[in-house]
Ligand code: NAX
């Protein structure tokens, strides 16, 4: 099998470190597919990325054909089949949202252009670096000639958090949970939704009502505990661990790419993808939806009912995405 070229940006960061060894071990694209890794960093991160490359060599991974480290986006994306955009500019003290969007525009616009100029014709891109949805929008807008659908953003970590919380509440194995959905922005406004989920083949809302003593109690748990816990889990991890989610984020990014390229096997997952107007989400926004993939890219699951509560929550998150889009449009980034 031909080698797949995978570019990881922010490779010297904590997510990069948790991700690269698993990719080299074949956990992302399968144990029969050779990989070539390209590590993109800013100059300040190059030395650390080179250290990671030395450790990758020391792993003697049979599938790993090459590791290259560079601070030049064009060289990093040359021939890339998969681009994992992890490096981003974090919000520093006193930084307004407009400053944050502008700083990230300075990263994701040139990277989008470099992908268009240099990547393989079949390139698929996942944006992990925050604000992930809008960074993906910027990168896609700067990638002339690459279909916007190739650009996705990571909400799989939110999805896995929701699966795990639901399983824990019902004292069920996570493997029994299917059909959870994350809607909207990868931010505190996201809507983790279990309305169409099943656990061990039974409807999750029904099981929750049984377990918690009625439909009202189940709705209260969803509104007051489940949704806020999932949406603010990132802050909880920072508080408890002392730094932000890294291995769980890497795990989610790996699953996102695997399912995008290899398919979901008929099941549903969640990913932020370009809207064509599905569920009333304005066309062009990169929004999280329930999705499936047959290996040719993510497709939005279109036939789910959203109740009033779901519509209101999705509406609030989409309003935030619209504000972010308008802000980057005003900055001339899209
Ligand atoms: P780190 O600060 O550990 O690493 C980021 C790395 O990116 C640094 O080494 C930095 O030098 C590099 N970098 C910055 N600008 C770059 C550029 N223009 N080109 C190449 N490299 C560049 O952050 P880490 O914990 O790894 O997180 C990375 C990003 O993921 C952050 O934006 C973070 O907010 C985001 N996250 C997104 C999640 C999601 O679910 N979408 C969850 C986890 C995480 O919070």
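The backbone N, Cα and C atoms fix where each Cβ goes, glycine too.
TrEMBL does not curate its annotations; it predicts them automatically.
Under the three-state DSSP scheme, residue 186 (active site, proton acceptor) falls in the coil class. Listed in sequence order, 130, 131, 132, 133, 153, 154, 155, 158, 272, 288 are the same-chain residues six or more apart from residue 186 (active site, proton acceptor) with CB atoms under 8 A from its CB. The active site, proton acceptor annotation in TrEMBL covers 186.
The NAD(+) binding site annotation in TrEMBL covers 10, 11, 12, 13, 14, 15, 16, 104, 111, 128, 129, 130. Listed in sequence order, 243, 244, 246 are the same-chain residues at least 6 apart in sequence whose CB falls under 8 Å from the CB of residue 14 (NAD(+) binding site). DSSP gives residue 14 (NAD(+) binding site) a helix state.
DSSP assigns residue 91 (substrate binding site) to coil, not to a helix or a strand. Listed in sequence order, 100 are the same-chain residues at least 6 apart in sequence whose CB falls under 8 Å from the CB of residue 91 (substrate binding site). Residues or ranges marked as substrate binding site in TrEMBL: 91, 97, 130, 161.
TrEMBL lists 6-144 with the feature domain 'Lactate/malate dehydrogenase N-terminal'.
Taken from TrEMBL, the feature domain 'Lactate/malate dehydrogenase C-terminal' applies to 155-327.
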*Within the domain 'Lactate/malate dehydrogenase N-terminal' (6-144), how many residues are helix, strand or coil going by DSSP?*
64 helix, 25 strand, 50 coil
*Roughly how many Å separate the Cα of residue 12 (NAD(+) binding site) from that of residue 161 (substrate binding site), to the nearest whole number?*
25
_Contacting binding-site residues, sequence order - 10, 14, 161 vs ligand 1, Cβ under 6 Å_ = 10, 14
*For the binding-site residues 97, 161, work out the Cβ neighbour count at 10 Å and name the residue with the minimum.*
97
*If one measures from the C-alpha of residue 129 (NAD(+) binding site) to the C-alpha of residue 161 (substrate binding site), what distance in angstrom results, rounded to a whole number?*
18
